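Asks: Okay, these came from Swiss-Prot:
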type	residues	note
REGION	10-92	region 'Ubiquitin-like (UBL) domain'
REPEAT	119-158	repeat 'WD 1'
REPEAT	165-203	repeat 'WD 2'
REPEAT	210-249	repeat 'WD 3'
REGION	245-274	region 'Disordered'
COMPBIAS	253-262	compositional bias 'Polar residues'
REPEAT	285-325	repeat 'WD 4'
REPEAT	327-366	repeat 'WD 5'
REPEAT	372-412	repeat 'WD 6'
REGION	412-440	region 'Disordered'
REPEAT	436-471	repeat 'WD 7'
């Protein structure tokens with residue numbers, strides 16, 4: 001005997017944040033069957049909007065959560081009485097992003113960044129970036145930074161650094177403005193480069209010394225000319241991109257300072273012409289390598305750092321004090337701020353993303369846990385067009401897209417709400433489900449730009465751009 005199907009109806013008020021998709025006033029409150037699912041409600045909305053011949057797939061949210069079942073199942077699971085009027089929001093469903101193009105490198109691509117009208121560096125540059133003139137920055141394990149156009153042409157490549165024969169692999173690179181680039185890596189040095197669009201050159205303008213081991217990450221703030229670096233030596237350093245504002249560099253950290261073994265390099269290269277400076281401040285407190293560092297989006301006097309010691313720390317930069325420490329259960333590999341929710345997203349070695357409320361008043365460490373990756377999550381960025389979107393890059397060879405409203409049940413005690421990804425992007429040319437959790441296709445860096453799309457780089461020696469059709 002088949003189970004009885006409920007014919008209960010419930011009152012629902014439909015709203016949207018898209019000004020072009022508002023329903024007529026008389027159609028905003030409807031009596032709907034609780035048997036309906038998302039696809040049924042999407043069809044009804046298209047009919048009410050007069051879009052039968054040009055349908056838009058809609059996602060449906062009830063009380064801020066995606067509807068993934070029937071309305072009846074949602075009401076039962078959340079303990080909502082059918083007599084309650086539901087507040088239903090409809091929004092364009094996120095279309096799976098398609099591969100637009102890929103750019104080949106000679107070595108692994110460790111980091112990517114985008115300069116566009118809508119990027120932070122574009123905004124810091126006073127609107128000088130024109131539509132159609134977007135630039136992509138890449139850092140590679142060959143020790144070089146490159147600037148590309150969106151057609152895949154290399155516009156400029158930096159010269160190999162004069163670093164005394166140290167390992168030159170880069171780990172991080174950021175646009176500071178349309179004319180300045182900051183990059184750092186395994187030779188312990190943070191470099192500021194001048195990018196000249198007219199001559200298509202990238203030249204080193206400043207070298208910054210503070211770390212004794214490799215630099216894992218850099219963060220930049222254009223308006224204040226400040227740079228943060230996170231290092232494997234367990235420290236964080238603060239610099240200025242203006243040479244005169246920094247102190248003299250420690251002589252013990254300079255390459256070719258006294259080493260006789262580098263005599264041949266000294267003879268073959270001119271004396272140092274690039275200014276060398278030290279740090280304004282060095283922050284200690286982590287007990288293991290610091291993997292990531294960011295400025296607080298609305299207050300550049302505050303920074304957050306993530307470490308293999310399982311902690312997220314909040315720093316007051318003017319006083320060089322750690323003002324808060326949040327301890328998790330796993331090594332933290334990446335960071336991203338979500339200002340609209342007052343949360344910090346942290347990628348972990350345990351394959352998930354933990355959303356942490358860093359405010360001192362917060363009583364719960366993990367507000368939400370996002371699961372879906374099969375290896376460490378090493379790069380994060382937010383959706384530039386939404387307060388709810390997040391993108392992650394992992395050593396499992398995938399980039400995953402998340403919507404924080406996509407909440408599921410279950411999970412372990414203390415992990416808060418659970419979320420799962422809405423789309424997965426594989427490396428272009430990767431056949432089948434993938435090579436053993438990212439073998440040969442690890443993703444090292446990802447950026448989400450409103451104009452360019454989702455840009456990622458990795459072990460396959462490629463920059464890959466994905467974008468939703470029509471965006």
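The backbone N, Cα and C atoms fix where each Cβ goes, and this holds for glycine too.
Show me how these features fit into the structure around them.
Replies: Through the fold, the repeat 'WD 1' (119-158) approaches residues 101-103, 105-113, 168-179, 181, 183, 185, 187, 193, 195-197, 200-204, 220, 222-223, 445, 449, 451-452, 455, 457, 463, 465 of its own chain, all at least 6 residues removed from its boundaries and within a Cβ separation under 8 Å.
Remote same-chain residues near the repeat 'WD 2' (165-203) are listed as 110-115, 119, 121-122, 124-125, 128-129, 135, 137-147, 155-159, 209-220, 222, 225, 227, 229, 231, 237, 239, 241, 253, 255, 262, 265 (criterion: CB distance under 8 Å, separation of at least six residues from the stretch ends).
Mean model confidence of the repeat 'WD 3' (210-249) amounts to 98 (pLDDT, 0 to 100 scale).
Across the repeat 'WD 4' (285-325), DSSP assigns 0 helix, 27 strand, 14 coil.
Beyond its flanks by at least six residues, the repeat 'WD 5' (327-366) meets 288, 291-294, 296-298, 304-312, 314, 372-382, 387-388, 390, 392, 394, 396, 402, 404, 414-416 of its own chain at Cβ-Cβ distances under 8 Å.
Same-chain residues lying 6+ beyond the ends of the repeat 'WD 7' (436-471) with a Cβ under 8 Å from its Cβ atoms: 94-114, 116-119, 131, 134, 136, 138-139, 148, 150, 374-375, 378-385, 389, 391-399, 401, 425, 427-430.
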